[in-house]
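Chemist: Checked TrEMBL, it gives:
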type     : residues : note
TRANSMEM : 23-48    : transmembrane segment
DOMAIN   : 41-292   : domain 'G-protein coupled receptors family 1 profile'
TRANSMEM : 60-82    : transmembrane segment
TRANSMEM : 102-120  : transmembrane segment
TRANSMEM : 140-157  : transmembrane segment
TRANSMEM : 196-225  : transmembrane segment
TRANSMEM : 237-260  : transmembrane segment
TRANSMEM : 272-294  : transmembrane segment
Amino acid sequence: MYNLSCYNPGSFILVGIPGLEKFHIWIGIPFCVIYVLALVGNCTLLYLIAVEHSLHEPMFFFLAMLATTDLILSTATVPKLLTNLWLHSQEITFSGCLTQMFFLHFSFVVDSAILLAMAFDRYVAICFPLRYTTILTPQVIIKLAASIVVRSFSVILPDVFLLKRLPFCGTRIIPHTYCEHIGVARLASADISINIWYGFSVPLMTVISDVIIIAVSYTFILRAVFQLSSQGARQKALSTCGSHVCVILMFYTPAFFSILAHRFGHSVPRNVLILFANLYVAIPPALNPIVYGVKTKQIQDKFILLFSLKKTQ
């Protein structure tokens, strides 16, 4: 019976942010505000893209995918964080922990793939403007979207089975606010070298390959832009990439910083790493709609039109 309970643990305890327990209520307030902003911003973006026929273009389809993934990412983590900080609801079932971990890592890999697809969209739009509609047909867009989901699912699903095979006979206290693969695996009473190898190398190499291809795409884009004779044409071409570059920086910079901090930042306090990890899953989903709303004129115009119509009614 003891061995069976090891392989089928009932629940885990998420301790929250160790060392900052007396500030938990106050820490929860900005996270709640950020989460509400993410919900409102991404839902508004999805609504505008759905109802406005002028936004039924490949770039905005990928943007709708990004907004959906951001909603999944923030909803998988922030509500549980708030119940932990405010209601002291620290317990999470083993199946709930696996589900949270899957959607957390799945969203990260999907986001990376969507940013790669958006870079390809900008590459075609700027380098082959006359062939844009013939290259990025609806069939091609659907195939790209399906490949993004299938690839991400295939990369992350093994994490679930790698954790399910492990016995958890010792402590079941997770020093974090959410379940992530390596953090849960470290509680196991068995060798976790396969978890460490797969958990770090495969998703990381997937994301790094995305970054390399995005960098190559923008090398060709910049070369094409600077070959344009008109200064106005250059500025217009670069402005169409501005919002995408901002989102890329917001997504990859803190992600790689967090990975490096966990790997090499042994002198960094644990609560600082946990706080930063929570900011990483909360802030980009809230900022992405704002960035695209400010930088993309079509969305900005439709947003203003939407609220001006509501005021006149």
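Using N, Cα and C of the backbone, Cβ positions are placed for all residues, glycine too.
In TrEMBL, annotation is done automatically, which means it is predicted and not curated.
The structure displayed is predicted, hence computed values, not measured ones.
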Chemist: Would the transmembrane segment (23-48) count as touching the transmembrane segment (272-294), i.e. at least 3 C-beta pairs under 8 angstroms with sequence separation of 6+?
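Modeler: Since 3 or more Cβ pairs under 8 Å link them, the transmembrane segment (272-294) and the transmembrane segment (23-48) do come into contact.
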Chemist: Which of 23-48, 60-82, 140-157, 196-225 has the most Cβ pairs closer than 8 Å to the transmembrane segment (102-120)?
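Modeler: Answer is 60-82, with the largest number of Cβ pairs below 8 Å.
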Chemist: Which one of these stretches, 23-48, 60-82, 140-157, has the most C-beta pairs shorter than 8 Å to the transmembrane segment (196-225)?
Modeler: 140-157
Chemist: Tell me, roughly as an integer, the mean pLDDT over the domain 'G-protein coupled receptors family 1 profile' (41-292).
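Modeler: Averaged over the domain 'G-protein coupled receptors family 1 profile' (41-292), the predicted model reaches a pLDDT of 88.
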